[in-house]
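Visitor: Quick one: the structure is below, questions incoming.
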């Protein structure tokens, strides 16, 4: 096959609907963690589409440079199509064939790649698709939604759109409704702007109605009911689920989360340990265990007014060590798990291990391709570490400002603005020409809509540092709006 034909083939490949054309970037995930998770779901989560999981696993194998393993996964996907989707075999094969074509293309087996694009073209022609190599069908949109969801928070809105598109065609399809409900639940959970979001409550109820035997979707409904202060109703679902299952780690982990948030830490730990026996490499489970040990530690410290002694002090030290162990395990198993970094760093600080805390915070600050919410949280926690443990007020101010610049609407906003006002005012009492504090107050008052006060502080800062572009820009904006 000539170069021209290779270029032509590439143009056809780009038309296909499959994982290789859905803009799923490997920089946004920990490949080993996602591969591990998919493997666990294939083994233990019987309610999820095995076809979608094998197709996704093939793509992950390709991203790891394991194209032969990717082909084996696609063979597994084909077997599932024949076993479970024989009534729609050709339509359900389109994503798998697209992945085959791309893998063979990357292996320079161009004739094999062309064979699969030909199969796709024949189906599109047979079903009168307006596109030569693309067929609009809800099953493909659903599979796209699952793939996007697996690649993390940056993809949730696109996943939601994919499931919505599928539901337009089949509004009562059980699988489409599960995918949509879980995606909206994830969006509720990731949208941290103060109030509890409950957009997923309706979709979750519908998904449970359409899938009455699905424990996995029920546990999400229980957690959302807990979010909206209907904990008793949520617990009924949890109890019902636990009566029905024995060792489904993906259900146990969320049931444990329910009990952890209810402050029933021993019950949560019991379920987490049970799940961890089955899936010992789960970063989620390790993180949840760390959160339970941390909560128990906080309870003792509160009861002793932050001065535990004797047995209480020994127990606190033991809980800190346990929390560190599990947060560290979570971070090591998923290098993109931002909250595992901040929780581990904070726990090191709690135990007086400041150099270890500093090291983990610096690793967190170097994380790329994470959401703005995660960046916001990292800067906030590092600022607190600098303020209260390192006693470095200027570094704390810098990171509090960075947190607000990344995301100025969140539950942390009031804490951040209060901390900035307190620290900056204190520093100005000692040095009225402290330009960092002046500009920080200007930024905070501008954020709060106090434009005249903001302008006054920026003017003072600009007099000290007249070439600073940030101060000049802020002043111009303020003067034009006053």
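Cβ atoms here come from the backbone N, Cα and C positions, even for glycine.
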Visitor: Quick one: sort out which of 247-253, 254-260, 261-267 is the region 'Interaction with the 5'-triphosphate group of PPP-RNA' according to Swiss-Prot.
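Guide: Checked against Swiss-Prot: region 'Interaction with the 5'-triphosphate group of PPP-RNA' maps to 254-260.
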Visitor: Report, as numbers and ranges, every residue of the chain located at least six residues beyond the repeat 'TPR 3' (138-173) whose Cβ falls under 8 Å of a Cβ in that stretch; write 'none' if there are none.
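Guide: Those are 17, 19, 22, 24-25, 28-29, 34, 37-38, 48-49, 51-52, 55-56, 59, 88, 91-92, 94-95, 179-180, 182-184, 186-187, 190, 210, 336, 369, 371, 373-374, in sequence order.
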Visitor: Restricting to the same chain and to residues at least six past its boundaries, which positions have a Cβ under 8 Å from a Cβ of the repeat 'TPR 2' (94-127)?
Guide: 1, 5-6, 9-10, 12-13, 16-21, 51, 55, 58-59, 62, 67, 70-71, 74, 77-78, 81, 133-135, 137, 140, 143
Visitor: Which residues does residue 37 (site 'Interaction with PPP-RNA') neighbour through Cβ under 8 Å, counting only same-chain ones at least six apart?
Guide: 150, 282
Visitor: Across the repeat 'TPR 5' (249-282), what are the DSSP residue counts per state (helix, strand, coil)?
Guide: 27 helix, 0 strand, 7 coil
Visitor: Within 10 Å of residue 41 (site 'Interaction with PPP-RNA') (Cα-Cα), which of the recorded sites 33, 186, 250, 288?
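Guide: Cα within 10 Å of residue 41 (site 'Interaction with PPP-RNA'): 250.
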Visitor: Cβ under 8 Å to the repeat 'TPR 8' (435-468), counting only same-chain residues 6 or more beyond its ends: which ones?
Guide: 394, 397-398, 400-401, 404, 408, 417, 420-421, 423-425, 427-428, 474-475, 478-479, 481-482
